[in-house]
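Asker: Shown below is the structure under consideration.
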Amino acid sequence: MQPATDTIAAIATAPGQAGVGIVRVSGPRAMAIARTMLGFEPKPRYAHYGPFRDRQGELIDEGIGLYFPNPHSFTGEDVFELQGHGGTVILDILLREVCSLGARLARPGEFSERAFLNDKLDLAQAEAIADLIESSSEQAARCAVRSMQGVFSKRVDNLVEAITHLRIYVEAAIDFPEEEIDFLADGKVASDLQGLLEQVQQILGEAQQGTILRDGMKVVIAGRPNAGKSSLLNALAGREAAIVTAIEGTTRDVLREHIHIDGMPLHIIDTAGLRDSPDEVEQIGIARAWEEIRQADRILLMVDATTTDKTEPHEIWPDFIDQLPRSAPVTVIRNKVDLSGEPLGISAESHQTAPVIRLAAKAAEGLEVLREHLKECIGFASTTEGGFLARRRHLDALERARDSLLQGQTQLEGYGAGELLAEDLRAAQDALGEITGHLTPDELLGKIFSSFCIGK
């Protein structure tokens with residue numbers, strides 16, 4: 001992508017009526033538009049209160065005009081803002097007048113795109129702006145601000161720099177064999193490579209938490225009919241989201257509730273009871289339940305504690321466990337312990353294949369233990385000091401970088417192949433470069449910025 005040469009404009013505030021509405025202009029004609037609508041040439045970075053007029057001198061509105069010359073603006077271009085009254089009609093009139101003076105309507109995210117193209121921010125920072133706007137909790141907002149300030153980008157850049165230094169050392173040994181640099185003998189390359197792997201794994205772990213904080217953790221409640229799945233959904237949601245009866249098969253479709261636990265967003269999904277059923281509608285619900293189960297970040301296997309004393313998933317329901325993906329994380333929920341006489345709490349002994357939580361969903365007893373467990377499942381701390389938000393594409397890039405480094409380690413240890421190691425280091429660099437936008441295809445850039453709201 002090349003920096004733009006035309007002038008764009010958009011309403012930068014949310015649609016609807018409000019006390020203040022903003023029309024934003026960016027590009028080479030920003031000053032000319034400002035001069036026409038204010039009636040004078042505004043002083044840079046000063047708030048000028050007065051009338052906004054059209055080309056014929058007719059009054060449109062009055063408010064504050066702000067002018068920011070390049071490169072000291074959000075986009076890196078000349079920027080002019082009209083801050084007037086927030087009515088839909090008046091903002092549309094202002095925008096039409098601005099466009100008649102040589103601007104065009106901005107595409108979604110085009111202001112942030114221009115800031116990226118003019119090196120005012122990198123791609124991860126630009127995405128953080130959209131994440132800040134869309135944040136669903138205070139902690140997500142705070143982490144988005146840190147990403148916007150470059151906390152995540154700096155970590156990635158430092159890692160890329162370290163890979164670059166190691167790559168230079170390895171390629172020097174390849175290109176200048178007469179210097180007799182033996183990068184196997186002193187262990188420097190192996191040590192540095194291991195350090196890089198530890199760094200990328202640490203960043204990946206933090207990015208996984210940031211992704212869950214942004215997107216939410218998908219928790220699916222599964223089990224046989226009448227195990228108490230809907231009662232648990234209601235208890236966690238704090239309302240009667242699902243109908244609860246003693247009739248088996250009451251829940252026939254997927255029910256979703258979005259909740260927060262100490263700022264962590266969770267998508268709690270209640271599913272139809274799993275069984276062989278001749279009922280066509282129930283069969284559809286069960287099929288949908290399996291779709292959700294296979295995509296879950298955490299599966300809560302609900303067990304009626306009054307019907308069995310088993311705690312191992314394979315012993316409780318071998319057919320169910322055999323159908324799960326191998327990596328599917330399962331927590332056994334022994335429900336109705338107020339009837340079975342078992343104590344509330346959690347047991348997660350080393351010999352257990354899955355944690356076991358004992359609670360009484362209908363009586364809302366033992367829920368705090370479950371909430372704490374869900375936080376621990378993703379390594380979520382009550383504080384997000386130093387944390388950042390991340391996206392799925394960031395995880396993919398970090399995983400590819402890690403895999404390239406692991407492959408390079410194999411080449412080094414198994415064959416002493418410097419050429420192959422150098423290529424793996426380059427692949428890791430390229431993957432990390434996609435995060436900040438240094439090596440990102442134009443098609444992906446367009447897709448990312450088009451998901452932003454207009455005016456950003």
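Note that Cβ sites are derived from N, Cα and C of the backbone, with glycine treated the same way.
So Swiss-Prot has the following annotated:
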- ARG24, GLU81, LYS120, LYS456: (6S)-5-formyl-5,6,7,8-tetrahydrofolate binding site (BINDING)
- ASN226, THR245, ILE247, THR250: K(+) binding site (BINDING)
- 226-231, 245-251, 270-273: GTP binding site (BINDING)
- SER230, THR251: Mg(2+) binding site (BINDING)
- 216-379: domain 'TrmE-type G' (DOMAIN)
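Help me picture these features in the structure, burial and contacts included.
Answerer: In the structure as shown, the Cβ atom of ARG24 ((6S)-5-formyl-5,6,7,8-tetrahydrofolate binding site) sits within 10 Å of 26 other Cβ atoms.
Reduced to three states, the DSSP call for ASN226 (K(+) binding site) is coil.
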Asker: At the Cα level, what's the spacing in Å between LYS120 ((6S)-5-formyl-5,6,7,8-tetrahydrofolate binding site) and SER230 (Mg(2+) binding site), rounded?
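Answerer: A Cα-Cα distance of 49 Å.
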Asker: Taking DSSP as the reference, which of helix, strand or coil describes GLU81 ((6S)-5-formyl-5,6,7,8-tetrahydrofolate binding site)?
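Answerer: Its secondary structure by DSSP: strand.
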Asker: Ten-angstrom check, please: count other Cβ atoms within 10 Å of the Cβ of ALA272 (GTP binding site), all chains counted.
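Answerer: Taking all protein chains shown, ALA272 (GTP binding site) has 27 Cβ neighbours within 10 Å.
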Asker: Tell me which of the binding-site residues ARG24, GLU81, ALA272 ends up closest to SER230 (Mg(2+) binding site) in space, Cα to Cα.
Answerer: ALA272
Asker: By a 10 A CB contact count over all chains shown, which of the binding-site residues listed here is most packed: LYS120, ASN226, SER230?
Answerer: SER230
